[in-house]
Amino acid sequence: MAFKSIAVLSACIIVGSALPVDKYPVLKDQPAEVLFRENNPTVLECIIEGNDQGVKYSWKKDGKSYNWQEHNAALRKDEGSLVFLRPQASDEGHYQCFAETPAGVASSRVISFRKTYLIASPAKTHEKTPIEGRPFQLDCVLPNAYPKPLITWKKRLSGADPNADVTDFDRRITAGPDGNLYFTIVTKEDVSDIYKYVCTAKNAAVDEEVVLVEYEIKGVTKDNSGYKGEPVPQYVSKDMMAKAGDVTMIYCMYGSNPMGYPNYFKNGKDVNGNPEDRITRHNRTSGKRLLFKTTLPEDEGVYTCEVDNGVGKPQKHSLKLTVVSAPKYEQKPEKVIVVKQGQDVTIPCKVTGLPAPNVVWSHNAKPLSGGRATVTDSGLVIKGVKNGDKGYYGCRATNEHGDKYFETLVQVN
């Protein structure tokens, strides 16, 4: 897939100059998402950088005018920041701040305001007696949570301080992305009267890790099934989608005795890599996952892992990796541009994404339509600038994987 690019607004200014923002009233950048814990005070910032004299602030929630006085909220003194004193689930939504200044009406990006939570049933302890020499797994059901929690497996000494937990396992043992703990084979070394295998979860909703389940391996039994140690699939990644710029992992976990070390190929080419490479199977999992330290668009393709431990038939698994990208600025736009009347100006804002983003523009917080502004491959061009062209120009780019918003103040002298 080609990495498409949209030249939304040119990265060069035709006429005019960029000046320090501290001389002009511009909004401070806001995050795309703000999380809150129920009943914990939380702030949605809206602050003018530069001259904030005579600024009037207002908010919208889900596209409608928002009267903070009718809710359990307040505005910070001398700024437009919205303070939720005891936020509730009903406060969730998409918020946007507006600042009316002598230069025009500035608008923030749309901010997603979401409750963070982690709901888990009381942890239970289960006793297990697996079959010696056979592949095995310990299940950990993922909790109902937002955002997605970090799942961690540990060996915990009964009655000991959790800070003393052991997190480094034998190379036979690897946690899968589904939350489960996989044993390539079980041995008597996995049996313990004093240690438990503990699965925990943590996200922004909690200060400490939450225990989801505990296991005690009390012993092992003999294998009478005739299993000879040939590779059997435990967890293998299916067709998957990855975001450009993210860390990505392709899993190829097979139980076997002796343990087999997967080899990875992309479109038939070896991609095992070395430990220092961007793509490598050398990441403390004995090759059971292929690590992309930073995912790039050109990583898209068909990947195959092959496992052969010398016993039975070699195993092979293939999947398609599709790479997508939220909108991203190729060059950061200018916050302030000063131009003289009668001159031409191009406002910079160049965006890329997979798929190509949809772009909309605004002028003083209203949709930009018609008028004398012209969209070209090099940007938003205004020829023969007039005093009425001054104000805040917003560039918003969206696709199904995210959005970007930047606003430029055009000052006409």
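The count begins at 1 with the first shown residue.
Keep in mind that glycine also has a Cβ here, set from the backbone N, Cα and C atoms.
Taken from Swiss-Prot, the feature disulfide bond applies to Cys46-Cys97 (among others), supported by experimental evidence. Around the Cβ of Cys97 (disulfide bond), a 10 Å sphere holds 26 further Cβ atoms from the protein chains shown.
Neighbour density for Cys199 (disulfide bond): within 10 A of its CB lie 25 other CB atoms from the protein chains shown. Residues or ranges marked as disulfide bond by Swiss-Prot: Cys140-Cys199 (among others).
Neighbour density for Cys305 (disulfide bond): within 10 A of its CB lie 26 other CB atoms from the protein chains shown. For Cys252-Cys305 (among others), the entry in Swiss-Prot reads disulfide bond, with the evidence type experimental evidence.
The Cβ of Cys349 (disulfide bond) has 31 other Cβ atoms within 10 Å, all protein chains considered. Swiss-Prot lists Cys349-Cys395 (among others) with the feature disulfide bond, giving experimental evidence as the kind of evidence.
According to Swiss-Prot, the feature domain 'Ig-like C2-type 1' maps to 25-112.
The domain 'Ig-like C2-type 2' feature in Swiss-Prot is assigned to 122-211.
Annotation source Swiss-Prot lists domain 'Ig-like C2-type 3' at 233-322.
If you look up Swiss-Prot, you'll see 327-413 marked as domain 'Ig-like C2-type 4'.
The N-linked glycosylation site feature in Swiss-Prot is assigned to Asn283. Reduced to three states, the DSSP call for Asn283 (N-linked glycosylation site) is coil. Cβ-based neighbour count (10 Å, all protein chains) for Asn283 (N-linked glycosylation site) stands at 15.
Per Swiss-Prot, signal peptide is recorded for 1-19.
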* So which of 122-211, 233-322, 327-413 has the most C-beta pairs under 8 Å when paired with the domain 'Ig-like C2-type 1' (25-112)? -> 327-413
* Sort out the sequence-distant neighbours of Cys46 (disulfide bond) for me: same chain, 6+ apart, CB within less than 8 Å of its CB, listed by position. => Leu27, Lys28, Gln30, Tyr57, Trp59, Glu79, Gly80, Ser81, Leu82, Cys97, Ala99, Ser108
* Asked: Per 10 Å Cβ neighbour count, which of the disulfide-bonded residues Cys252, Cys395 ranks highest?
  -> Cys252
* Quick one: DSSP breakdown of the domain 'Ig-like C2-type 1' (25-112) into helix, strand and coil? -> 6 helix, 41 strand, 41 coil
